[in-house]
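Feature list (source: TrEMBL):
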type	residues	note
DOMAIN	23-520	domain 'K+ potassium transporter integral membrane'
TRANSMEM	60-81	transmembrane segment
TRANSMEM	153-175	transmembrane segment
TRANSMEM	195-214	transmembrane segment
TRANSMEM	221-243	transmembrane segment
TRANSMEM	269-288	transmembrane segment
TRANSMEM	300-323	transmembrane segment
TRANSMEM	343-363	transmembrane segment
TRANSMEM	395-415	transmembrane segment
TRANSMEM	427-446	transmembrane segment
TRANSMEM	453-475	transmembrane segment
TRANSMEM	481-501	transmembrane segment
DOMAIN	532-777	domain 'K+ potassium transporter C-terminal'
Amino acid sequence: MDPETGFYQNKAKKESWRTVLTLAYQSLGVVYGDLSTSPLYVYKNTFADDIIHSETNEEIYGVLSCVFWTLTLVPLLKYVFIVLRADDNGEGGTFALYSLLCRHARVNSLPSCQIADEELYEFKKDRISPDPKSNYSSKLKSSLERHKVLQKILLLLALIGTCMVIGDGVLTPAISVFSAVSGVELSMAKDHHKYIEVPVSCIILIGLFALQHYGTHRVGFLFAPVVVLWLLCISAIGLYNIVHWNPHVYQALSPYYIYKFLRKTQRGGWMSLGGILLCITGSEAMFADLGHFSQLSIKIAFTSLVYPSLILAYMGQAAYLSRHHIVDGDYRIGFYVSVPEKLRWPVLVIAILAAVVGSQAIITGTFSIIKQCSALGCFPKVTIVHTSSRIHGQIYIPDINWILMVLCLAVTIGFRDTKRLGNASGLAVITVMLVTTCLMSLVIVLCWHKSVFLALCFVFFFGTIEALYFSASLIKFLEGAWVPIALAFIFLIIMCVWHYGTLKKYEFDVQNKVSLQWLLSLGPSLGIVRVPGIGLVHTELVSGIPAIFSHFVTNLPAFHQVLVFLCIKSVPVPHVRPDERFLIGHIGPREYRLYRCIVRYGYRDVHMDDMEFEKDLVCSIAEFIRSGSIHCSGANHDLVKEEDKLTVVGTCSTHTDGIQMSEENTDKIESVGTSELVEIRSPPSIQQRKKVRFILPDSPKIDRVAQEELRELVEAREAGIAYILGHSYMRAKQGSSMIKKFVISYGYEFLRRNSRAATYALSVPHASTLEVGMAYHV
């Protein structure tokens, strides 16, 4: 099944309870792998250096109370009950919030935006006019739209959150796998186990990243059972420890113990918050992976199984430690010491499997967010492999996969302990949460049209908690927290350079585009010989003739009889419906056979392959010709942008009552709808590579001019399609600042040469490609 079509069919269906429960079960393996493995390292990191476990138990009770209230306030209250509601047409994550704000305040950073994009179903369906009695929303909106600095700050905030997610994709597999493997420390001498933990962890990590190209759907059926088994295991062990060692440990859930803990430990207790913070690692995944499931399914899974299991696990560990104060070293205060000795090896195996599942989820999430950044012009083009034709959104990015693997192995071998890995992971996690809190406050005002007071309460309450944890993590900069900052800085520089270069290149194209008057002065033949075939001239422009086309016309002796100026662009919505995919219009008079085609994709859409794309493109142009000959309005969403009039046309599957294209070598005519069909074929004298025909309804009639235009399109399609690409080489103008020269001439050009071409989505065949280079001075 086509993943795109299946996605919209699934969204259209009303979710039954059976569907919701099935999704809730599946979400356990995808969403909660990271969060569920946090008991492996929270207590170990908390008691590493800053505080000690004394016989008064004030420290362990205080830590348990902090863990309980942190899990209750952040994942449960903030994410489950508030943030999950801020979905972007079913999608979640940092860029989903940014996309939502872009549409409501028109602060989108994409240069190729059009008025037509605001007519997209997903663009306008959640637009609600603000309450006229309250003008706070309109004032904030106008301020964002008027001040470019605020727009850049908003984009920078979203990019920082994105970079920290990528950093988390490096650190989470390292700390999860290393903490799981560290269970061997209780079965051998301390001098020996350190030679086992790092090699075994590295082997598991290499195997994990090496298997990514198979796709999670091939082993996905194992994920949910592993996490369920792990959650049941830690909750059962926790319950056993509570009953057996300290049934009164529940009293530590009172926030009074937090006060006693901080009063006694003071600065050490504040610094230990960096370890306590790790209990909510993976909480952001509930929002980021929202597009694969539903709000209700994620809420059910968390509240019914994940949350109570984690609470029991932490209470059980605290109950055990409250009766065991003599330890041989800091490594003895951990998860495995509270596991009954007979169960340690089975639990070790289950823990390693759960750590692999949790790592898999964050790696897949990293792939998804990089795809979103690339689609919205904030990351270089990369090779994206869709690993499942049935499950929407499962992708694999080879280059990023191997970069993540190298970085993950580097931090594992470099740190070799959960303390510094925890410090690094904690800072990445809390930074993403702070970014989400800031963006959510804007969503509350701009998108939900609530009062500014409510937004300030949200920021103050959750921001205070997260800022406290952030400060405790940041103070450990030299003890591992520098890693996510360094990683985020590198990726942020890459994103900013690419985004800046992309904007400058588009500005140059707009300023140097060819006038329509020049094109019309050449006549219908464009002053050259028109040969059979379709020429697809790739351009980033949504209007006007690209400057590079004048190079083609003045340097080539012949050109194709049908020319299509093709623009493939992303829009700030997660998905574009198939019936809104194409914007098509004539350039100049109809006899010139010049068309503009804008192909729109959402940042989570699956791009069509080259054969499917070619068929849909030609068929959509034919449908545009037919519909344009019948009426001038009606289903035609006419929008004038400079000299172009564009019409919204869907893919072949969306206009079954219109023109259908057949490329079969058969004389059989298939029925379309109930109307009688008429064929348009090319003349038999043409030497045909492939037999092509248009099948169109007998009613309503189309005029003779349109029939001739369709017949010529058939001839051109049979002669073949050529892809005409222009390669730009950007250089900074003379007199530019040193920073601009370095960013454009070296930074952007280095990224451009080492990334995929802008036409990567087409899978352009080399045999049908014509490339011309052009130097840009911006």
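Placement of Cβ uses the backbone N, Cα and C atoms for every residue, glycine included.
Heads up, TrEMBL stuff is auto-annotated, nobody curated it.
What you are looking at is a predicted structure, and each value in this text was computed from that prediction instead of being measured.
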Please report, as numbers and ranges, the same-chain residues at least 6 past the borders of the transmembrane segment (269-288) whose CB is under 8 Å from any CB of it.
31-36, 38-39, 41-48, 50-51, 62-63, 66-67, 70-71, 74-75, 79-80, 83-84, 92-94, 165, 168, 172, 261-262, 298, 302, 310, 314, 358, 361-362, 365, 368-369, 422-423, 425-427, 429-430, 432-433, 436, 468-469, 471-473, 475-476, 481
Short question: which residues 6 or more past the ends of the transmembrane segment (395-415) have a Cβ under 8 Å from it?
169-171, 173-174, 177-178, 198, 201-202, 205-206, 209, 212-213, 215, 363-364, 366-368, 370-371, 382-387, 421, 424, 480, 483, 487
Would the transmembrane segment (153-175) count as touching the transmembrane segment (300-323), if touching means at least three Cβ pairs under 8 Å and pairs must be 6 or more apart in sequence?
no
For the transmembrane segment (60-81), the candidate among 195-214, 300-323, 481-501 having the most Cβ pairs under 8 Å is 300-323
Selected stretch (most C-beta pairs under 8 A with the transmembrane segment (343-363)) from 221-243, 453-475, 481-501
221-243
Under 8 angstroms, Cβ to Cβ: which one of 195-214, 221-243, 427-446, 481-501 has the largest number of such pairs with the transmembrane segment (453-475)?
427-446
Distant-in-sequence neighbours of the transmembrane segment (195-214), which means Cβ under 8 A and at least six residues beyond its ends:
173-174, 177-178, 181-182, 184-185, 188, 352, 356, 359-360, 363, 385, 387, 396, 398, 401-402, 404-405, 408-409, 412-413, 416
Tell me, what is the mean pLDDT of the domain 'K+ potassium transporter C-terminal' (532-777)?
72
